[in-house]
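Undergrad: Before anything else, here's the structure in question.
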Amino acid sequence: MGGCAGSQRRLSDSEGEETAPDSRPSLLDSQGAHWKNATGFWLLGLCNNFSYVVMLSAAHDILSHQRASGNQSHVDPDPAPIPHNNSSRFDCNSVSTAAVLLADILPTLVIKLLAPLGLHLLPYSPRVLVSGVCAAGSFILVAFSHSVGTSLCGVVLASISSGLGEVTFLSLTSFYPRAVISWWSSGTGGAGLLGALSYLGLTQAGLSPQHTLLSMLGIPALLLASYFFLLTFPEPQDPGGEEEAERAARQPLISSEAPESKPDTSSNLSLQEKWTVFKGLLWHIIPLVLVYFAEYFINQGLFELLFFRNSSLSHAQQYRWYQMLYQAGVFASRSSLRCCHIRFTWALALLQTTDKHREFAMAAACISDTLGISLSGILALPLHDFLCHLS
């Protein structure tokens, strides 16, 4: 065997130009897998947050009790204002848009609170299927709704979809190169911009909200296609490798056997270990909670009260524009990792958790935004009533 190996090495040295091309297919395959995964996670981020964003953009319409002639949907493209108080200086709905925000975020909060305790026991594929079905159900239920209550139930489905999807896909990134996280982040920002812009554009063009929402049913289908057909198995050098990723993420579709767990993943962490990791994450979580609280307190608590009466745009149209402009800023921010590099981010590497804790930490830390948004919605409700009673 040694002589054979030596002969092969000498042959390679003397005919290097002929053997060098053999490495090209491997390199091309690696680059192809990189871009497939990058595109896949970008699309997953886009599709996962799309229904959540659309429901927030439609919040002012959902809470209107007026129905346009010929429109079979409860949601009105240009609802007549229903003042909370005739003496108010504001053009108020009877209920704050924060009610839609809470319906769109509280189920997500529950999912994120419970996820670190046992969601990892459920394979990835069924989770993705449930997320896609809930997203489609949210569009259908709100589109054919005839009451605010039914519409809010549809919003709840959107929340379940985005919450379950976020926990699932962020945990899934632990099996892939770390660069996919930035693509996921950019995709979620793209969901904000494209979701708000599509709802604004289609309704401005004269399409009824019912048809606008139904036209978005392709998004849940794209989510399922991106996961099941676009993502590749993790590269061998990544934690878990191809075999583990195949078993954890895809095997439930082709086998009745339960997927095996990686020796060093969340399924093997004790409650004490999880609590220790979570406490270490608090100084990351608390600042994020404050940021998202302030952001959504303005976005869903105050934007609806900002109405310029001398504009050619109706109150509902102005609200949609506010949402679109806000989401444009979110997209720019979340794409910064790929488009606008921030210096000295190497210091963040010192704050990482170990490979053993990474999957759990990714699922636990994503509670930050949801908690901040929930608190903003709770406080925005009484603020709305207070301001709308001002003469």
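Note: Cβ is positioned from N, Cα and C throughout, glycine not excepted.
Note that TrEMBL annotation is computational and uncurated.
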Undergrad: Which range is it, out of 1-29, 146-174, that shows up in TrEMBL as region 'Disordered'?
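TA: Checking TrEMBL against the ranges 1-29, 146-174, the region 'Disordered' one is 1-29.
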Undergrad: In TrEMBL, which of the ranges 49-70, 71-92, 181-202 has the transmembrane segment annotation?
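TA: Feature transmembrane segment in TrEMBL: residues 181-202.
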Undergrad: Mind checking which residues of the chain, 6+ beyond the ends of the transmembrane segment (214-233), have their Cβ under 8 Å from one of its Cβ atoms?
TA: 33, 36-37, 39-41, 43-44, 47-48, 50-51, 54, 125, 128-129, 131-133, 135-136, 139-140, 143, 161, 165, 198, 202, 207, 242, 245-246, 249-250, 253
